[in-house]
Amino acid sequence: MRSLQRPLPSARGAVCPRRPVHRMVSCSAAARPIARATDQQKLELLKRVECFIFDCDGVIWLGDKVIDGVPETLDMLRGMGKRVFFVTNNSTKSRAGYMAKFQSLGLNVQAEEIYSSSYAAAAYLESINFDKKVYVVGEAGILEELQLKGIHHLGGPADADKRVTLRSGEFMEHDAEVGAVVVGFDRHINYYKIQYATLCIRENPGCLFIATNRDAVTHLTDAQEWAGNGSMVGAIAGSTKREPTVVGKPSDFMLRNICARLGLRPQQICMVGDRLDTDIMFGKNGGLNTALVLSGVTTEEVLNSPGNTVVPDLVLPKLPDLLSVREAAVVAA
C-alpha cells in the first residue's frame, strides 16, 4: 500500500503535516483488559476536541437501521459548537447518495460534512490533474463522483452482465486510453471486470491502480458481516502483481482535506470508528484523538487479543454513550 503524500492547499493556520504522524501504542504497553471510557474521560475528550470525524457503518448505523441514540448524540455535539464529519470507506454511493440515506434515517446532515471513498477517488484524480479515462470496478457512487469532476469513465454497472466464454482463441480488447483503474466495492464483480482491469494496468503505460479501501469485511445488512472491498482489490493486485494507491482510510488523503478546510490542529480532532485497522489506525497515523465503538466490527475480544497492536485513546460501547455526560458537558461548555 502506498501512502499519498501530495500536499493539499492548507487553510490559514492549519497544521496539516505532509507525512503522517505515527503515534501507535503497542497493545503490550496497555493495561489489560483495555477499559471502557469513564465519564471523566468522556468529559475531557469533549473539552479538548473541536471536530469529530465519524465512520458510518457500525458507528452511525448498522445496515439500514440507525443506532438508537445517535440523532440525540449528534444534536448534543452540534449544540456544543462541535464540527462533525462523516467519513466512510463504502464507495457504493456518492455524497448525494449518502445524503439520501442520512435523510431516510432521520439524520440532519449537510453534503459538505460527508466524505465517502468514492468522492476521495475522484478528488485524488483531480488533485493530480488527471486527464485520461478511468476504468471502474465498482458501483454508481464512483461514477457519479467522477462525472461531477468531469473525468471520463467506463465500466462499473454497465459491465455487470458481461461474460467471458473462453472459447479457443478468444482475445479481449481494452481501451488503450484508460490511464487509471479505480476499484471499489462491487456487488456485481465478475471475471470480465477483473480481466479488463488487469489488461489496463498491465498493458497501458503508466496506468494507475487506485483502491477506495482494502476493508476485509463490510456491513451490508445488520445480520452479519460480508466480504469487503479487500476481496476485490486483492483479486486485481494478484493478477497484476501491483499494489494500489489507497485513497480511503487508513490513508491520510481525506484527513488532510478536512484539516485544510477547517484550519484545525490534529489534536483538536477525534476519529470515532468501529475498526482498528482502518478507523483507529487512520486517526493514529494522523495524530488525532481516537475513540473505538464496540457497536460494529471490533469486539472486546479482538481489542484485547495478544495480536492487536492498535490501541484507541477511548473505548465506548456505542457512540450514544457520550450522552451519559450531556448535562455536565453542556455546563462545562
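Including glycine, each Cβ sits where the backbone N, Cα and C put it.
Some features that TrEMBL has for this protein:
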- Asp55: active site, nucleophile (ACT_SITE)
- Asp57: active site, proton donor (ACT_SITE)
- Asp55, Asp57, Asp274: Mg(2+) binding site (BINDING)
- Lys249: substrate binding site (BINDING)
Residue, out of the binding-site residues Lys249, Asp274, whose Cβ gathers the largest set of other Cβ atoms within 10 Å: Lys249
Output field, Mg(2+) shell: CB within 8 Å of site CB centroid, site Asp55, Asp57, Asp274 dropped: Cys56, Gly58, Val59, Ile60, Thr88, His219, Gly273, Arg275, Asp279, Val293, Gly296, Val297
